[in-house]
């Protein structure tokens with residue numbers, strides 16, 4: 001509507017410029033009787049008759065210029081787009097196939113490299129099901145060499161692998177080690193060498209007849225005590241860091257040995273109750289009847305983990321309580337508040 005008004009205003013302005021404003025324009029009369037008309041410019045949906053009457057009222061009966069008379073001519077617009085052709089029957093089959101693949105009937109893929117069977121045979125080595133069920137044997141061996149664990153991180157099932165043979169020493173590959181792992185290996189090696197040398201010298205010095213004068217010397221007796229203390233420290237260091245170095249060795253062994261990974265066999269799964277989560281397969285079916293009253297029941301995995309966590313705390317609390325009982329009565333009564341605070345912190 002606003003566009004139509006602006007167009008008519010410009011046409012009036014052109015007409016006034018061309019005619020010089022000699023003849024006054026008659027005011028438009030409302031159409032349709034008394035008060036029935038709107039008095040506004042014609043809408044696009046008005047009839048041709050109403051439009052001609054309005055133009056005659058505005059411009060009169062004098063001939064107009066081509067630019068003014070051609071405003072009512074329809075403008076040629078862009079042609080309508082052609083209708084799309086009907087899809088062939090093969091396209092419908094392909095669409096239904098893609099929808100069926102998206103709905104879950106997809107080709108199995110390796111959960112590590114996300115490749116299909118074209119990259120190698122897909123195995124199912126653990127209880128996991130669904131999209132994380134299959135994996136390639138080389139991908140699994142590489143994953144084990146990086147993590148150092150031979151169990152699935154989702155269902156906690158230990159992979160069933162068979163060692164075929166060790167690779168040629170010329171084909172051995174090094175594994176990536178962090179700074180902490182290098183320090184652990186160095187501590188184990190140096191501690192073992194010192195422990196072997198110290199124990200060998202102590203045994204020779206205590207049993208050899210030629211070392212009788214050493215056993216009687218005070219300086220050597222002090223050395224015996226120092227070497228004994230260092231031997232205890234080395235044994236504790238080896239015990240503490242032994243598990244970490246053993247995992248590093250298992251990683252190296254996974255890379256430099258040929259393996260055969262076996263598929264998951266539900267009939268041979270004796271630890272099916274330890275698998276957890278929605279990603280794991282259910283273990284072997286057990287009887288739904290309740291066990292006998294006298295039969296021992298095995299606590300679940302979560303309860304066993306909680307017991308392992310609480311056991312050191314309870315042991316520490318018990319030792320602290322026994323040490324408090326060994327104190328004299330006066331000292332125990334004077335430091336009762338401080339001991340209570342320490343016991344509470346240890347329990348938390």
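Cβ coordinates come from backbone N, Cα and C, glycine included.
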164-184, 185-205, 248-268, 269-289 - the range that Swiss-Prot marks as transmembrane segment: 185-205
Residues near residue 136 (Zn(2+) 1 binding site) in space but at least six apart in sequence (CB under 8 A): 110, 112, 113, 115, 119, 120, 121, 122, 123
Cα-to-Cα gap, residue 128 (Zn(2+) 2 binding site) vs residue 139 (Zn(2+) 1 binding site), nearest whole Å: 16
Composition by DSSP (helix, strand, coil) of residues within the zinc finger (102-162): 18 helix, 9 strand, 34 coil
Distance, residue 139 (Zn(2+) 1 binding site) to residue 155 (Zn(2+) 2 binding site) (CA atoms, angstrom): 18
CB contacts for residue 155 (Zn(2+) 2 binding site) [other CB atoms within 10 A, all chains]: 21
